[in-house]
Amino acid sequence: CILFASSPLASFSKPIGEEDSLYLPLFPFVFFPLYRSCTDLFCCVIFVIVILGYIALGTVAWLQGDPRKVIYPTDSYGQFCGQKGTPNAKKSTLFYFNILKCANPAVLINLQCPTTQMCVSKCPDKFSTYTDVQLQYQITAAPWDYYRQFCKPGFNNPTKPIAQVLRDEDCPSMIVPSRPFLQRCFPDFITQNGTLTVAKRTHFKDALDTARSVTELRDAANGITGLVDAKEVGMKIVEDYAASWNWILIGLVMALVVSLIFILLLRFTAGLLLWFTIIAVILVIAYGIWHCYLEFSLLRQQPGADVTIVDIGFQTDVMVYLQLSQTWLIFLIALGTIEASILIILIFLRRRVRVAIALLREGSKAVGYIMSTLFYPIITFLLLAVCSSYFAVTSVFLASSGDAIYKVMAAESNCMYANKTCNPETFNKTNVSKACPGAQCTFAFYGGETPYHRYLFILQLSNLLIFLWLVNFTIALGQCTLAGAFASYYWARRKPQDIPPCPLFSSFSRAIRYHTGSLAFGALILAVVQMARIILEYLDSKLKGANNVAARFVLCCLKCCFWCLERFVKFMNRNAYIMIAIYGKGFCMSARDAFCLLMRNVVRVAVLDRVTDFLLFLGKVLIAGSVGVIAFFFFTHKMPIFQEEVPTLHYYWVPLLTVIFGSYLIAHGFFSVYAMCVDTLFLCFCEDLERNDGSSEKPFLMSAGLHSILRKTDHH
């Protein structure tokens, strides 16, 4: 970067888009630098060093980590189940010798259950005990041949006393009908007439002939039934996506086309279209209120419809909830509140709505002259996808770093060597077996004693913080790029003749070349605040079961404060990036100038941040809602023309919600460009009012229509 401090032109400034010969004599008071220099260079250097360190962290994690530790379950000997090229290649499921020793699913899935674990090719499908197999072995060997596949490899001694078998954990004391879930064998729970059963039985006996209840299995695997139901629902959802993906894609393309048409109409009929949007949203919500009241009135007269949502609990069939009067009452209250809020805003802020429409009309002209800005969100999306993918892969490799750690698993609770680190190769030569009969050296977890392994948690936090920094930097780069492009439109004296060629690319180049440090500085501040919020959310999740009311209250207050702080920092960063794009100053000076400028125009700020965003939100809702209504009629077979083309679905709301949510995101991508355009034009307008007075020497650069409406509003 070259700073032309000695240049005689360095004292002159101009806004983007003006030619020197025309502008310098007329506007020496608008502080856009003729020559730019690198801003916040120290932060830029730090940012580059951090990126290089992040690459090094990912490289080390990839060298140390092993994703197989996450993908494949591990048996008691540290061997992966189902991994190709190993003895367990055809044994993809983990089997627990005594699942009753497992406290809950978190122990089963994430940690290690204090019982021997073996890789098996399939889960047991019937009840049996070691004692029963011993007795039957005297008659036939078939039961033993089936049972031994769940014993340790190489064990083939059905005559060994049961006490020694249980002590050495050669075989499970019993097996119960199970099915694989998350590559682990869990009891096959089935609810029949409200009673929990396994293979239609509620009781069974273990190897010691002790009566056991199915509820003990349920308690040992608490929550598994819910997870199994969730898996079944998940499979149905996947099937629905497979059957309707092409129609979902058509719906999203339709949303894309509608969004483009909406933006093109804004270019020529901004006022008419926005008022139509407002009236259309009001009418649609009014129809929803009437429909909800009608359904509520009909269901209130039907017996059994007065059951509350809490009473029926979670149901995968949405139609169950639509048969309840309480559901429609909730919809009615929600829509009524939204309708009242919209009407109140329109009544008390009707003049501000006119100003917002004028800003959007001016913004539509800017977008129309610089159409390439509409497609910049694609670049932002790709950069965010790269950051997210790198973060996810690095997290997995960090989580799977380390060597297999083995610990002594004692059969007796008073063993002095219990949970001590051991070596399975030399374990039989130690005195542990003599001191603690039945003790085994089994796999516990992956870890290590090197500095890298000791600071894995710190590395994970660093990975998260740098990820947040990169994400916020990517968003900041997009905001600064768009701001520079739209500022070049505003400060052009003759539109569009004086708009520089390729304004978007030029703005992007300036932001990368000169202002990487400033953008990284603002992104870092926001990343630190977001990191603090994540830590507070983690602490809150840990304290949910605690009875310390004072701690919960303080934590709640901190969460609220940091939420407000994050909103404020986002607002200030956004406006600081606009000032950086216009004037080329550092982050702190730009943030200060933006804050002072906004405070001097605080009434107009309310117009911009509330009413304009509100109108853009209505546009997004209208696009998503219109496409969603068409999708609803299609997937519910209410379109006679497409009756045969509609796929058979388990839950029609799966593709419906996907289309609605995807349509909203598509509309949001286009309208975010409009929002940035309006914010930039607004700051330029405020600066224009302060620097110029409308005289022939200092003429305004805003459009005549925007000036007249804003001036008229100021007088009111």
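Cβ coordinates come from backbone N, Cα and C, glycine included.
Under the heading transmembrane segment, TrEMBL lists 41-63 (among others).
Long-range contacts of the transmembrane segment (245-265) within the same chain, counting only residues at least 6 positions beyond its ends with a Cβ under 8 Å from a Cβ of the stretch, are 273, 364, 367, 374, 619, 623-624, 626-627, 630-631, 634-635, 647, 655, 658-659, 662-663, 666-667, 670-671, 674. TrEMBL lists 245-265 (among others) with the feature transmembrane segment.
Among residues of the same chain six or more beyond the transmembrane segment (272-290), those with a C-beta under 8 A of the stretch's C-beta atoms are 262, 265-266, 331-332, 335-336, 338-339, 342-343, 346, 353, 357, 360, 615, 618-619, 621-622, 625. The transmembrane segment feature in TrEMBL is assigned to 272-290 (among others).
Residues or ranges marked as transmembrane segment in TrEMBL: 328-349 (among others).
Under the heading transmembrane segment, TrEMBL lists 369-393 (among others).
Under the heading transmembrane segment, TrEMBL lists 466-491 (among others).
The transmembrane segment feature in TrEMBL is assigned to 512-536 (among others).
Sequence-distant contacts of the transmembrane segment (548-565) (same chain, six or more residues past either end, CB-CB distance under 8 Å): 529, 532-533, 536-537, 539-540. Per TrEMBL, the feature transmembrane segment maps to 548-565 (among others).
The transmembrane segment annotation in TrEMBL covers 614-635 (among others). Beyond the ends of the transmembrane segment (614-635), by six or more residues, the same chain brings 244, 247, 251, 254-255, 258-259, 262, 274, 277-278, 280-281, 284, 345, 353, 356-357, 360, 642, 646, 649, 652, 655-656, 659-661, 663-664, 666-668, 671, 674-675 to within a C-beta distance below 8 angstroms of the stretch.
Residues or ranges marked as transmembrane segment in TrEMBL: 656-676 (among others). Long-range neighbours of the transmembrane segment (656-676) within the same chain, counting only residues 6 or more positions beyond its ends whose Cβ lies under 8 Å from a Cβ of the stretch, are 241, 248, 251-252, 254-256, 259-260, 262-263, 266, 360, 363-364, 367, 373-374, 376-377, 381, 479, 482-483, 486, 612-613, 616, 619-621, 623-625, 627-628, 631-632, 635.
Using a Cβ-Cβ cut-off under 8 Å and counting only residues 6 or more beyond its ends in the same chain, the transmembrane segment (41-63) has close neighbours at 1, 390, 393-394, 397-398, 401, 452, 459, 462-463, 466, 469-470, 473, 516-518, 520-521, 524, 587.
With a cut-off of 8 Å between Cβ atoms, the residues of this chain six or more beyond the transmembrane segment (328-349) that come close are 278, 281-282, 285-286, 288-289, 292-293, 295-296, 299, 322, 610-611, 614. Only residues 6 or more beyond the boundaries of the transmembrane segment (369-393), in the same chain, are considered here, and those with a CB under 8 A from a CB of the stretch are 58, 62, 263, 463-464, 467, 470-471, 474-475, 477-478, 481-482, 485-486, 489, 495-496, 499, 503-505, 669-670, 672-673, 677.
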